[in-house]
Structure formats: C-alpha cells, structure tokens
Amino acid sequence: MSLRLTQPDENGGQPWQGLKPGQIYLQRRRRTMATLRGKLVVAQSGGPTAVFNSSACGVIQEALKHDDVFDGVYGASNGIMGVLHENMIDMRKESPESIEAMRRTPASTLGTCRRKLDKNDLERILDVCKAHDIRYFFYNGGNDSMDTANKVHKMAVDAGYEMRAFGIPKTIDNDLVETDHCPGFGSAARLMALATRDVGRDTESGALTTTPINIMEIMGRDAGWLTGATAIGRKDERDAPHLIYMPEVPLTIEKFLDDVKKVHDRLGFVIVALSEGVRDPEGNLLMKSSQLDAFGHTQLGGVGDFLAKTITDTLGIKSRTNIAGTIQRSLISMASPVDLEEAYQVGQMGIKYALEGKSGYMVSLVRESDDPYSCTTGLAPLDKVANLTKEVPREMINEAGNDVNETFLKYVTPLVGEIPPSYPRFKKHAIGQLLEAYQR
C-alpha cells in the first residue's frame, strides 16, 4: 500500500526532495506527531473472522517499533471486558514469533466479547486508563465495536483526558459504512462461494433419487453481501447458486416457491443462497427467535429449515438446509490473500495515524481501481460509522430480486483472491436404447 504526501513543507521549502516515499513519510511524521507518551491497549470485539488476528497483529507490531512513544503495548483479554477488569497482557513480553503467528491464526488470539457500554462502564474505563496511563486505545470489530470506540473517544474528550482512540474494522457481513469493504469479508466470501459451488455438484449428482433442493443459510442480519458473493464461483447456469435472496429485497413465500419450481423444472435440482436476515414485504424477519444479544439484536436462525419444509409440504419435492454457522468466519486455510494483507494494513495504519495526532476515527479501505485492483487506506469519523449499516445497493441486484448482477460481481471479485477453476461436465452422448423402457 503506497503512501503519498500532498502537503508542502511547513516552512515553504523542500528539505525532503529526493527522498524515497517511505522516508518522506517518516520525516513528516516526526514533525507533526503529537508528543503524547503513554501506554497502548488493543482489544478485539464481536464475532471473529479468519483475518481478525491479522489486524491486531498490525497494531501490535507497528506499535512495538515506537518505544519512544509507547511506554507499554497491551492486549486486552476478551475485548472491552479485559479493560474493565484490568485483564491485559504485556505484548512486549510475548515472543516476536508468537506475535507474527497471529497473521496466520484464525479467530481471536486476545479473546473477544459482546458488551454494550453503560455510564458506569465508561467511568470505569476512564479510571483504568488513568491508572495505567493508557493514552492509545484501539478497538477491532464491527458495527457495535465502532460504537464502543466512539463512546470511549467521546468519554476521553469530555473528561479532558488526552487519548487517541481508533476503530479497526472487521466483519464478514461487510456492512460497515464509510469504507469500500471490510477486512474479514473477502475470506468469508471466498469460502462460501466455493462451498456453495461444491454443494451444488453434490446435490446435482444425486438429484434423481435423494434431495434435489438445498438451501444454504448464510450469515447476514441486515445486508446480503456475503450471500451475494456466492455467485462468484459460477461459470454456467448449472453452477450453484441458482437463486440468491438477501435482506435488501423483500421476499414472499409465493414468489420463493414459484422461483424454486421454475429452476427445478429446468435443471432438476436447485441450490438457494439465503441470507439469515431475509424479510417479508412488511420488513419483518421471515424467521427469528425470542432471544436478544447484548446489543438488543434479535437472534437469527431457522429460516432455511422453515423454507425447506415449505417447499416439501407445498411442492412435494424433498428439500434440506445447510447452515454453515461459524465455519463461515473460521477457516484461515481458505483466507483470501488480499484480505489477509489488507487486514494487517488497517491495523498498521491505525498506529501511523495515531502518531500524527489523530483520534476518533475508523481506519477505512479506499478502492482506487478494480482492474488492476488497487486499494489504500483513509479515515472515517467514528460518529459517522457507529450503529449504521451499509446495505447492498439495489442496482447491484437483478430486477427479479433473486440474484446479483455484473456490477456486484465486479465489486466483490478482486477481494477474494484467485478462485479455482470450475469443474467440467460430460456432454453425455447417450447410446441408443434396445429394450422396452424399464417401468420400476
């Protein structure tokens, strides 16, 4: 990722002329960097991803290069809970090899949590930061985590406590605003695209006598980015998925059954990619539980089984559901190389932005071009990110509302890395039948 200077020397001259870009950046940073010294804490929050640790590693490794600024580099155990309970580890005492290994380790090495902060929590966080002289706060997570980072930032400002607070993005849902895409999404998209394509071949091979309709229930409460990404593995009309349903387009049972029947009549089998948060025309979830998470969100799940049963009961065709669950976000072996690198860079750049004296931002990803793919980083104010959701634009979805289009594919394809070639099919030149048709 390249860094470019657009501002002249503050004295009007060009003392950096002739230096390499990296040297220019370092010189400028020394001139503009705030003299704030203190300790740094990084924490991870929300559901993990395959590249979650890569971002935390970027923060930690970059911070360890600057012992002239950071008197300590801490990792909070189990997200903000580790700060509240002073359960933090000294990253300087961990081996460089174990820290580097985070880049190829799935889930959350530091541990994660879900907790909505209240007034007492914020007061406690301020007390902990003061007691430990924590002046740099990095929170790695999704929508709700950006809300936490924003509250910590505002708490410090209101209290007159000088501290740099940053959000480091991650979510397989890809629904954070003010960023082109989110670390974690590319790897989950790659996994689900390949899994859906291969489940399609499995279903096709036994469609005559087993279960010819398979619903892939995919994570995505309010946005269908991950569900839509399953389309990138297709090469012809028989490749899965054949139908894609996302929260952005209301769905009726009648339309769903009609779509499924048409595909089954044409191909003899059907693979449906279905967002767990798909909704009816009134905006209600097709299926939800009575349980809520720590942020008051309805727990999802079960919509695939509901629709599979509806198909069987109404159309008389055997149907089943595959719920990938946490596998969608866990497999480092399926990670996108692009995603791994970008996840590291947003963490690394968070430190560099903090050293310039900035605070109250999420590090964003800014796409410069699609082909060849090029991306750099930027800054998005936390109060413009927290608790907001980026949905799939309607112009990326086909007119029928049951698939994505080329605009969507152009957006997502560079993020997943190289996709293995699709599988060939026989042309099936049949021999002539010599006997009467078998009736059993």
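For all residues, glycine too, the Cβ spot is worked out from N, Cα and C.
Note that the coordinates shown come from a computational prediction; the quantities given were computed from them, not determined experimentally.
Among the candidates GLU100, GLU276, GLU282, the one that TrEMBL lists alongside THR171, ILE172, ASP173, MET219, GLY220, ARG221 as binding substrate is GLU276. In this structure the alpha carbons, written CA, of ASP144 (site 'Important for catalytic activity and substrate specificity') and LYS170 (site 'Important for catalytic activity') are 11 Å apart.
Recorded residues ASN143 (Mg(2+) binding site) and LYS170 (site 'Important for catalytic activity') have their alpha carbons 9 Å apart, per Cα-Cα distance.
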